[in-house]
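Student: This structure is in structure tokens; I'll ask about it shortly.
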Amino acid sequence: MKAPATTLILVMSLISVLWATPDLEEGDLLAELGDLIATDDEYPMKPEERGCKLTFWKCKNKKECCGWNACALGICMPR
């Protein structure tokens with residue numbers, strides 16, 4: 001049972017080392033990844049663009065809500 005926890009700790013340590021390791025041009029190795037996440041984060045999208053409404057969006061009926069969400073009290077809520 002110690003193997004999964006040890007693997008998780010090693011992976012997290014590697015990520016923290018990579019994050020802190022300076023790159024010659026950008027300052028750290030994961031700067032580009034951080035920029036990509038920041039620029040491509042489109043949540044929450046407008047419901048018209050998505051085709052359905054996400055959790056906690058206002059709704060009128062259950063067919064408007066995405067996935068397992070259901071319209072309850074005028075809000076898309078997880079079931």
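Cβ from N, Cα, C; glycine included.
Pulled these from Swiss-Prot:
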DISULFID  C52-C66  disulfide bond
DISULFID  C59-C71  disulfide bond
DISULFID  C65-C76  disulfide bond
SIGNAL    1-20  signal peptide
Student: Quick one: of the disulfide-bonded residues C59, C65, C71, C76, which has its CA closest to the CA of C52 (disulfide bond)?
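Tutor: Sorting the disulfide-bonded residues by distance from C52 (disulfide bond), the top entry is C65.
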Student: Given the disulfide-bonded residues C65, C66, C71, which one has the fewest other C-beta atoms within 10 angstroms of its C-beta?
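Tutor: Among the disulfide-bonded residues C65, C66, C71, the sparsest Cβ neighbourhood within 10 Å belongs to C66.
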Student: Just the number: how many Å between the Cα atoms of C66 (disulfide bond) and C76 (disulfide bond)?
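Tutor: Here the two Cα atoms lie 8 Å apart.
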Student: Other than its own, how many Cβ atoms are within 10 Å of the Cβ belonging to C76 (disulfide bond)?
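Tutor: Around the Cβ of C76 (disulfide bond), 22 other Cβ atoms lie within 10 Å.
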Student: Near C59 (disulfide bond), which residues of its chain come within a Cβ-Cβ distance under 8 Å, counting only those 6 or more away in sequence?
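Tutor: Spatial neighbours, sequence-distant, of C59 (disulfide bond): K53, C65, C71, G74, I75, C76.
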Student: Could you say whether, by DSSP, C71 (disulfide bond) belongs to a helix, a strand or a coil region?
Tutor: strand
Student: Other than its own, how many Cβ atoms are within 10 Å of the Cβ belonging to C52 (disulfide bond)?
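Tutor: Its Cβ has 14 other Cβ atoms within 10 Å.
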